[in-house]
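Some features that TrEMBL has for this protein:
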DOMAIN    9-100  domain 'Pyrroline-5-carboxylate reductase catalytic N-terminal'
DOMAIN    240-374  domain 'Ferric oxidoreductase'
TRANSMEM  197-218  transmembrane segment
TRANSMEM  238-261  transmembrane segment
TRANSMEM  282-306  transmembrane segment
TRANSMEM  339-360  transmembrane segment
TRANSMEM  381-399  transmembrane segment
TRANSMEM  405-432  transmembrane segment
Amino acid sequence: MSEIEHRQRVGILGTGYFGRALAKRLFFSGYDVILGSREPDRREISPNQDVLYDIKIVSVQECIKSAPILFLAVHFEHVEKLLKEHVQLLSEKILIDVSNRKIPSKLTSHAEEIEKLFPKSRVVKAFNVISAYAMENDYDTSSKQVFIAGNNREAREIVVDITKNMNFRPVDFGVLISSRRIEKHPLRLFPEWRFPIIFAVGVFNGWLLFLIYIYYMFESFYNWEQLSIKVMNKAVCMTSITTLSATYLASSFATIFQLYFGTKHQRFPRWLDTWLKTRKQLGLVSYLLVTVHVIMSLLTMSPTYYPPWYHSTRVRIPANLNSTFEFQRITWMNWKGEATSLVGICAYVVLSLVCVTTFPSVTDKLNWREWRFAQSKMGHAALFLSVAHVLVMAIPVWMKHPDVVYKSIFFVCSLLPWATLVLKFVFMLPCINRYVMKIRKGWIKGEECERHKMNRGYTAVDINNGTPTQSQDVSSIPENVMMLRKI
Ligand SMILES: NC(=O)C1=CN([C@@H]2O[C@H](COP(=O)(O)OP(=O)(O)OC[C@H]3O[C@@H](n4cnc5c(N)ncnc54)[C@H](OP(=O)(O)O)[C@@H]3O)[C@@H](O)[C@H]2O)C=CC1
Ligand SMILES: [Fe+3]
């Protein structure tokens with residue numbers, strides 16, 4: 001028996017761009033591939049690639065007959081015409097629909113329509129999220145997800161195995177109705193980035209207007225020439241800190257919500273759900289802004305831009321005649337400049353590490369505890385260092401001019417980060433943390449009472465004399481005359 005005969009046979013209907021890419025990938029993944037075409041004699045599969053010599057192109061009918069698993073690499077609108085004569089032959093076959101839509105639909109999916117056309121076949125939706133280019137040229141795809149849906153569990157499992165063998169990551173979406181979501185997927189345009197970007201742009205504009213008011217309208221602090229880098233850099237810094245706080249504030253809001261309802265099973269409101277789901281993107285936007293802030297700061301790192309960060313000395317030059325010439329010379333950075341830079345560098349390094357742990361290749365290698373440590377502990381540490389970076393600059397100014405504390409931009413932009421850190425600290429207090437953990441493990445406020453009422457494992461005891469009550473129906477006894485004791 002030749003090596004090819006050992007392989008499991010799969011058929012591909014359609015010899016277009018995707019069909020050929022699929023054929024190559026399946027062949028390299030160890031399958032015996034056969035292609036079905038309307039005009040088999042006029043099609044050739046990659047004449048330049050000898051390795052694909054064994055892939056035969058046959059008629060549609062022959063392909064259906066000889067393969068139990070068939071990929072439909074045909075545009076949806078041609079499926080009915082191509083296969084309507086073969087309904088009987090297609091009975092019990094696994095039909096993998098890879099088609100994509102041009103317009104999303106909430107009411108139906110291509111895969112569901114195909115199942116209606118061929119009710120005796122086992123239709124599975126898969127591979128529509130992989131481009132023909134990636135299918136053919138990219139083999140390092142173990143983290144690329146392939147969403148799978150189908151009403152027949154066995155067929156789904158077979159497709160899951162094929163997906164794994166092709167070095168993709170299968171994600172089982174369950175029954176075929178989920179194919180509506182799967183078909184919507186390639187039509188999306190960065191939906192998870194929409195909220196973080198709108199948020200960051202809004203916050204940036206807010207801070208910029210505030211700075212323009214403070215520095216140009218309230219008092220003439222800077223020259224308009226300094227708007228592009230000096231003032232903009234402050235707005236970028238303030239936006240990045242606000243966005244980083246928003247990244248971590250979401251989980252505190254979720255905790256407050258769970259504490260209020262005493263359960264983790266209550267659905268979050270839509271706004272909180274969106275916020276929670278976009279935390280990663282919010283964090284990455286914040287990281288991008290911090291990077292811009294670092295570059296802008298390096299560009300302007302000079303005594304002229306940051307005079308409070310440098311020592312200044314007065315140089316006197318004796319005059320030849322009857323007066324002395326004196327000028328100021330700014331030299332080394334003072335402790336304020338060095339400390340602010342150091343804390344800023346530390347914040348940037350820690351945030352970079354947090355950012356690296358969001359890469360799928362790194363996430364895959366971390367266990368749950370390590371991932372939580374990186375995302376939660378190190379993330380909050382980065383937020384703390386960012387606020388510290390601002391405070392090192394601010395505190396000497398506040399000590400000199402206590403009256404301006406509440407008006408200073410340092411104070412205003414630190415409010416949200418402090419609120420975030422304080423909330424995190426409060427939820428870490430053992431008395432609260434224990435309660436939160438109980439809820440997260442599935443405990444439900446009031447459930448015990450319900451359980452008592454159902455008489456499961458408890459007996460009702462008269463509160464006045466401690467004797468068990470006669471009644472079997474505990475719910476009929478007033479709460480104020482009985483207590484419940486575990487049996
Ligand atoms: N291209 C891509 O990157 C991706 C494509 N897909 C999906 O894969 C399917 C195929 O796409 P693709 O390969 O790019 O398309 P092509 O147009 O390149 O190929 C379609 C093939 O379908 C066959 N076919 C059968 N009936 C007809 C007909 N009536 N008119 C025209 N062709 C017909 C043809 O093969 P023959 O002439 O040999 O019969 C043709 O080569 C589509 O449903 C698409 O949505 C999914 C993910 C990515
Ligand atoms: Fe800074």
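Here, residue 1 is simply the first one shown, and the rest follow in order.
For all residues, glycine too, the Cβ spot is worked out from N, Cα and C.
When averaged over the domain 'Pyrroline-5-carboxylate reductase catalytic N-terminal' (9-100), pLDDT in the model lands at 92. When the stretches 197-218, 381-399, 405-432 are ranked by Cβ pairs under 8 Å to the transmembrane segment (238-261), first place goes to 405-432.
Same-chain neighbours of the transmembrane segment (405-432): 207, 210-211, 214, 234, 237-238, 241-242, 244-246, 248-249, 252, 255, 259, 380, 383-384, 386-387, 390-391, 393-394, 397-398, counting only residues six or more beyond its ends whose CB sits under 8 Å from a CB of the stretch.
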